[in-house]
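Look at Swiss-Prot and you will find Cys131 tagged as active site, proton donor. If you look up Swiss-Prot, you'll see Cys131-Cys134 marked as disulfide bond. What Swiss-Prot records for Cys134 is active site, cysteine sulfenic acid (-SOH) intermediate, and it gives sequence analysis as the kind of evidence.
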Amino acid sequence: MSIDALKERIPDFAKDVRLNLSSMASDETLAPQTKYGLFVAAAVATRNPDVIAAMQAVARDNVAPAVIAAAKSAAAIMAMNNVYYRFVHLASNKDYATMPARLRMNVIANPGVDKADFELWSLAVSAINGCGMCIDSHEKVLLAAGVSTAAIQTAVRFAAIIQSVAVSIEAGAADLAMAAE
């Protein structure tokens with residue numbers, strides 16, 4: 001599935017989402033590897049098969065398979081870390097923050113791609129998953145690596161757009177299912 005095919009699936013009630021998707025696809029603020037890896041990581045975080053297929057298709061046309069694999073790794077490891085660290089952050093009992101996580105996360109240290117790209121993808125997925133502690137941690141690493149606040153904001157904006165595409169398509173599918181009854 002292509003991004004154009006995905007746009008066609010976005011219902012009219014979400015016209016702004018469709019326009020944002022078009023703008024995102026043509027945006028050249030981020031380097032290609034950064035951008036297309038972000039598309040894949042954020043798509044995987046939405047858990048929507050159509051969004052994942054479209055973003056992987058556009059990524060395959062623009063980056064190496066290793067980039068796509070690393071982006072999927074970012075989404076997978078953040079699925080775990082975002083749950084765990086959101087709990088640690090939100091729990092009233094602060095003893096959890098002093099306990100070892102005992103979670104394997106070697107991919108963060110050795111992602112197989114540029115470390116800043118992996119951190120940016122991880123931050124975007126953390127924004128989708130709502131882990132403030134993870135967002136702060138990844139932002140700190142990115143800023144120390146010299147990544148601009150504008151690039152960080154762009155990554156989160158793209159993640160927000162990709163999430164809204166998934167929600168819009170799912171809401172439109174629910175409308176179609178109700179109409180068929």
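Here the Cβ of each residue, glycine as well, is placed from N, Cα and C on the backbone.
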In three-state DSSP terms, the structure that Cys134 (disulfide bond) belongs to: helix
Long-range Cβ environment of Cys134 (disulfide bond), under 8 Å and at least 6 residues apart: Met78, Asn81, Asn82, Tyr85, Arg86, Ser122, Leu123, Ser126
In the chain carrying Cys131 (active site, proton donor), residues 6 or more apart in sequence that have Cβ under 8 angstroms from it: Met78, Asn81, Asn82, Val83, Tyr85, Arg86, His89
